[in-house]
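Beneath this line is the structure, given in C-alpha cells, with notes to follow.
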Protein chains: 2
Amino acid sequence: MSQKTEISSLGEFGLIRHLTDKIELKNESTIKGVGDDAAVLEYGDKQTLVTTDLLLEGIHFDLTYVPLKHLGYKSAIVNFSDIYAMNGQPKQITVSIGISKRFSVEDLEELYSGIQLACDIYGVDLVGGDTSASMTGLAISITCIGEGEKGKVVYRHGAKETDLICVSGDLGAAYMGLQLLEREKNVFKGQKDFTPDFAGKEYLLERQLKPEARKDIIKALAQAGIVPTAMMDISDGLSSELLHIAKESKVGCQVYEDRIPIDYQTAAMAEQFNMNLVTAALNGGEDYELLFTVPLTEHDKISQMKGIKVIGHITKPELGNYLIGRDGGEIELKAQGWNSLN
Amino acid sequence: MSQKTEISSLGEFGLIRHLTDKIELKNESTIKGVGDDAAVLEYGDKQTLVTTDLLLEGIHFDLTYVPLKHLGYKSAIVNFSDIYAMNGQPKQITVSIGISKRFSVEDLEELYSGIQLACDIYGVDLVGGDTSASMTGLAISITCIGEGEKGKVVYRHGAKETDLICVSGDLGAAYMGLQLLEREKNVFKGQKDFTPDFAGKEYLLERQLKPEARKDIIKALAQAGIVPTAMMDISDGLSSELLHIAKESKVGCQVYEDRIPIDYQTAAMAEQFNMNLVTAALNGGEDYELLFTVPLTEHDKISQMKGIKVIGHITKPELGNYLIGRDGGEIELKAQGWNSLN
C-alpha cells in the first residue's frame with residue numbers, strides 16, 4: 001500500500017474504533033463485543049473454553065517474509081486450533097496489539113483484515129482487545145473463547161493402553177516452508193527487485209504462511225460418532241506433543257516411521273536441503289494438525305476416514321515413548337532431541 | 001534475590017510447570033486450568049465477561065522503579081478492575097509472558113508471585129497462558145474471565161439525563177506517584193547506593209505501584225440494592241472516561257471541581273511540583289477507581305455510602321461535557337486536552 005496514515009492522527013480510541021467498527025457479531029452467545037471494559041458472553045449448558053497466545057516480532061514471526069495479512073490470519077488460526085484440539089468450537093476472540101512507530105494505520109488494517117478473514121471463515125466473533133504503543137516491534141496477543149459440549153471436551157490426559165494414535169493431514173511442511181523462506185532471505189539479502197522462485201513449493205509456503213485449523217476433522221469425528229480419548233494440536237512438533245499426551249495420560253507410546261504422513265513437496269525439499277525427513281516431521285512444528293487417540297474398537301471406522309492416519313498405539317508407561325524406524329530400530333522420542341532444529 | 005537460574009535450564013514446558021504447579025483452583029466454574037490447549041470454564045445462568053490487557057516494558061511500565069512482584073500484582077488488578085467495572089466478579093485469568101534473556105527464573109517467580117497474590121486476595125483462578133522468548137523487554141498479556149448476573153451487567157451506554165455521576169475513592173494519586181518516581185529516577189540517575197526519601201508520600205507510591213480494584217464498592221452497591229445505569233473504571237483519567245460514558249450514552253455531563261475527591265498527599269505533591277491539581281485528577285489515569293451513574297432517586301442512599309462521592313450529573317447531549325470550576329467558570333472536558341500530561 002502506498003498511503004501511510006500516521007497512527008497518532010487517529011489517537012488510541014480512534015484507532016480501535018477504526019479497526020473494529022465494521023465487525024458484525026455472529027454468535028448468539030456474544031451479548032456485547034468491542035467497546036466496553038469487557039466482552040459479555042452467555043452460554044447455556046455448554047462448557048466455556050479459553051486459550052491465549054502472545055506473538056512477538058523476531059521470535060514468532062519475521063516481517064521480512066510474512067505479509068501482515070497472513071500474520072493476522074495465522075495469529076487467529078493458531079488460537080482456533082487450540083479450541084478444536086479440545087473438541088470445541090471457537091466462538092469469540094480478543095486481540096491486543098503493541099505497535100512501534102514504524103507501523104502505519106494501513107499496516108494495522110492489513111493485519112486486522114487477516115484476523116477478520118479467519119474469523120469470517122471459521123465463524124468467530126472479534127469481541128475486544130486493545131492497541132497500544134510498543135518500544136520495538138510488533139506484539140500480538142490473542143485470546144480465544146470457545147464452547148464444548150459437556151462430557152465431550154477432550155483433554156490430553158485420557159489416552160489408554162492399546163488406543164490408536166492418529167494424526168490428521170501431513171506433517172513437516174510448515175517447517176520446510178520456514179526453511180525455504182529463511183534460505184531465500186539469507187541468500188538474497190540486500191538484493192533489491194529480487195523475486196524468489198517458489199514454483200513447485202507452494203504447498204510448503206502455504207502451510208507456513210497461511211495454515212488452517214482442522215475444523216473439518218472435528219466435524220468428521222463428530223459425524224462418525226467418535227470422541228477421542230485424548231487430543232492436542234501439533235504446534236511444537238509431533239514428538240513433543242506425543243510426549244505431552246503420554247505424560248498427562250501416564251502411558252507410553254509407539255509410532256511407526258513409515259506411517260507418518262508426509263507430503264511429496266516436504267520430502268523433495270528435505271532431500272534438496274539434505275535434511276532428515278523424519279526429524280522434520282517429528283520436530284518441525286507449526287503444522288496445526290490434530291494428534292489424537294481413539295479406542296482400538298474404532299479401528300475400522302477411523303482407518304476409513306479421509307485425512308486421518310493411524311500412526312501407532314498407546315502402550316504401558318514402562319515401555320516408554322518410541323519411534324519404530326523403517327528398519328525396525330527403535331528411537332526414543334525426545335521433545336527437543338534435534339537441537340539443530342530449535 | 002541473589003540466586004539466578006538460567007531460564008534455558010528449565011526449558012519452556014519446565015518453566016511453565018515450575019511457575020504454575022502450585023496453583024490451587026478456587027472456583028467451581030473452573031473445570032480445567034493450566035496444562036491443556038485451553039482452560040475449561042462452566043457457567044450456569046451467569047453471563048461470562050472477558051477482558052484483556054497487553055503490557056509492554058518501556059511503554060506501560062519501567063522496571064527501574066517497579067519491582068517485578070508489584071508489576072505482577074498490578075497487571076492482574078487492572079484486569080480485575082475491568083470486570084468489576086461491568087458489575088461482575090473476576091473468576092479466571094490467563095497470563096502470557098514474553099521475556100528476554102536478561103530475566104532469570106527468579107525474576108519470573110517474583111512476577112508470578114505478585115500475580116498469584118492478587119488472585120488469592122480477589123479469589124481468582126490462574127487457568128492458563130504461556131511463556132516465550134522476547135527480543136527485547138518484558139511483555140505481559142493477561143486475559144480475565146468473569147461472571148455477571150443477567151440483567152445486572154452494567155455497560156457504558158446506560159446513563160440517563162439527571163442521573164448522578166459518582167466516583168469511588170480519590171483521584172490523581174497514582175499519577176502523582178508516577179511523577180515522584182520519575183523525578184527520583186532522573187535526579188539520581190547513576191548514583192549507586194541512593195535510597196530516595198519517600199516519607200509522607202507513601203500513599204502516592206502505593207497508588208502507583210500497588211493499586212487495588214474496587215471489589216468492595218461493587219459489593220456495597222449490591223448490598224444497598226443499587227444497580228448503576230452506566231459504569232467504567234478510571235484507567236485513562238476521569239475526563240477521558242466521562243467522555244466515553246457521555247458518548248456511549250448519548251448524553252452530556254457536568255461535574256464540579258470542588259466535588260472531585262483528592263487526597264491530601266496528592267494535593268501537597270501537586271503544589272510541590274507546581275502542577276495544576278485538577279488537571280492531574282482529571283487526566284492522571286491509573287486510579288482504577290469506579291466512575292458510575294445512578295438515578296437521581298438514589299441520591300439519599302448513595303450520598304451516605306462510604307468511599308463514594310457524587311461529583312456531578314448527566315445532562316442533555318446538546319449541553320456538552322463540562323467541568324464547573326470553583327469560580328463558576330466552565331471548562332470543556334477533553335480526553336487529552338493537557339498534552340503535557342501525556
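The backbone N, Cα and C atoms fix where each Cβ goes, and this holds for glycine too.
Just so you know, TrEMBL annotations are computer predictions that nobody has curated.
Residues A:D37, A:T51 are recorded by TrEMBL as Mg(2+) 4 binders, and the candidate that the same record lists for that site, out of A:D21, A:D82, A:D107, is A:D82. Take the binding-site residues A:D37, A:D236: by the count of other Cβ atoms within 10 Å of each Cβ, the lowest one is A:D236. Ranking the binding-site residues A:T51, A:Y112, A:R156, A:S235, A:D236 by Cα distance from A:D82 (Mg(2+) 3 binding site) puts A:T51 first. Of all the binding-site residues in the list A:D37, A:T52, A:D130, A:D233, the shortest Cα-Cα distance to A:H60 (substrate binding site) is found for A:T52. In this structure the alpha carbons, written CA, of A:E286 (substrate binding site) and A:T52 (Mg(2+) 1 binding site) are 16 Å apart. Counting Cβ atoms from all protein chains shown, A:G129 (ATP binding site) has 26 others lying within 10 Å of its own Cβ. Mean model confidence for the domain 'PurM-like C-terminal' (A:189-278) is a pLDDT of 92.
Between A:T51 (Mg(2+) 4 binding site) and A:D236 (Mg(2+) 5 binding site), the C-alpha separation comes to 16 Å. All protein chains considered, the CB of A:R156 (ATP binding site) has 23 other CB atoms within 10 Å.
Of the binding-site residues A:D53, A:D82, A:D82 has the largest number of other Cβ atoms within 10 Å of its own Cβ.
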